[in-house]
Amino acid sequence: MADPSAKPVPLLKDELDIVIPTIRNLDFLEMWRPFFEQYHLIIVQDGDPNKVINVPAGFDYELYNRNDINRILGPKANCISFKDSACRCFGYMVSKKKYIYTIDDDCFVAKDPSGKDINALEQHIKNLLCPATPFFFNTLYDPYREGADFVRGYPFSLREGAPTAVSHGLWLNIPDYDAPTQLVKPRERNTRYVDAVLTIPKGTLFPMCGMNLAFDRELIGPAMYFGLMGDGQPIGRYDDMWAGWCVKVICDHLGLGVKTGLPYIWHSKASNPFVNLKKEYKGIFWQEEIIPFFQSATLSKESTSVQQCYIELSKQVKEKLGAVDPYFNKLADAMVTWIEAWDELNNNTSEETSSKQPNGAAK
């Protein structure tokens, strides 16, 4: 007889890790407990490695700080950003699961228009498990959702769709604005709940936000490098953008889909626009050259794996963006180091990297 107190097993319970970058106690997990408690968490602690991060009881997690990153990656640890949420990508690297969901610690559970709590993770999983439509736009958006289908004129040869590599979620309350927009619109809040999931068409770039993001690690994981940001770098707050541009070019080349729209989270607080401006100001200029670079980037037919695509893209970054600023030569080298570290760690099943519990959390 079934135990009436037993909780239902959530989707992909043993195939998905939740990655959280943080510098503070993770009290926000209490509100996510109904949705996250049965999943495994990878917490990447930024800043002072001697600070103790408190995690609410009952969560299955492993926690890595800068000392752990340096020990596990050795000299290659310099590709992981410090004092920036870009450090989250270390969690992608050490995960052994097929799927990743990453969320910021200022993101709370949102409510849909009926007042019901939104299970963001469940919606991301649904997005990833059904195909995308990058080659032809469907005017009813996601044709695989209940109550929708392909519209008249949609080619039957394309209706099987493409594998979905990325699910990009959105935010209610505080929008993900750059510093100039924050300064002009300090009180603006996003209250619009749009009940839609769209595939971003092939050949179209998008600004990827890392605070509510899921992806298929096996399909696109090695391209989810959040770059060199934060301490010692001339730029910040472009970590997820850089990853998104690289990912989209590679997904287009490999025939993979990227979705955006549902699910929503509640973004609870705005970061300081003056601090943000200091981090972003070079990027605001540079992106006018970065984006045309990615728009025109092409990959050779010999690049058939994500790693091969990423290395080829790194060479183009050095060749074409190195003239913009020496930072891009350094970034291109870090892209190569990231792939080398990814391959080393993911061909290694040692106890140290596959089941280590730096905080002594029981599995």
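One-based numbering along the chain as shown.
Just so you know, glycine gets a Cβ as well, placed from its N, Cα and C.
Annotated features in TrEMBL:
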- Arg152: site 'Required for activity' (SITE)
- Arg152: N-linked glycosylation site (CARBOHYD)
- Arg159: site 'Required for activity' (SITE)
Euclidean distance between Cα atoms of Arg159 (site 'Required for activity') and Arg152 (site 'Required for activity'), Å
12
At a 10 A cut-off on CB-CB distances, which of the recorded sites Arg152, Arg159 has the highest count?
Arg159
